[in-house]
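These notes concern the structure reproduced below.
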């Protein structure tokens, strides 16, 4: 009973900020000091889901870029996390500081240099360029998650597998990877969320040609149409939740398949 009460309180606390947004997205007229809209309208949602709003393309770009960035991050973070956690490296502290520095350095300062380089490489106004530009602010989170997973893994299990004749790929796939899955899930979730929320990087590198949901949202915040901005904010939140639920389902499906395989082999 207490757990249900606590869960209900957390659910209400989570959903409460969205209630004014929902009212604003459904308002036809909402003047101060009225607590609720005077008139109701579906104008904002009709615009958001209309063919000329660009919403569908923006959602597609946002999700495609976020998942592509996450896939590249995993390819880079798995060996990096292994090295930071278990390898005897000279200057490991400095290496860690460099890898985690994008979290500390102001993004605008870093992006000006990246933008200049991408212009010379003709990577601006391209989806691939935006994907590459999203790597610096997202990669540190994935590296940190996988470093923690490797630190708890240790060497014992892999050494036993090696003594039984398992090769490097077999040791990684059957011994290390199952232990890394929680870290992969956490790092992937953070990577997706950070990538989805990038506005400045996408604006500079995409140069208005790569339209993601934040690119659509900000002009309405600045232009004064708060109803459309509220609708896009709700849509953005739902899209982020969809990405997190998708990653959670993949994780549960993996563990279910692994447990079924163990039962069959047993």
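Every residue gets a Cβ built from N, Cα and C, even glycine.
Unlike curated records, TrEMBL annotations are generated automatically.
Features reported for this protein in TrEMBL:
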- 55-76: transmembrane segment (TRANSMEM)
- 59-247: domain 'ABC transmembrane type-1' (DOMAIN)
- 97-118: transmembrane segment (TRANSMEM)
- 172-193: transmembrane segment (TRANSMEM)
- 200-220: transmembrane segment (TRANSMEM)
- 226-247: transmembrane segment (TRANSMEM)
Which bits of the chain, at least 6 residues beyond where the transmembrane segment (226-247) starts or stops, bring a Cβ under 8 A of a Cβ in it? 18, 20-22, 24-25, 27, 43-45, 47-48, 55, 59, 62-63, 66-67, 185, 188-189, 192-193, 196, 213-214, 216-217, 220
State the residues, same chain only, that lie 6 or more residues beyond the ends of the transmembrane segment (55-76) and have a CB under 8 A from a CB inside it; answer 'none' if no residue qualifies. 48-49, 127, 130-131, 134-135, 138-139, 142-143, 184, 187-188, 191-192, 195-196, 202, 210-216, 232, 235, 239, 243
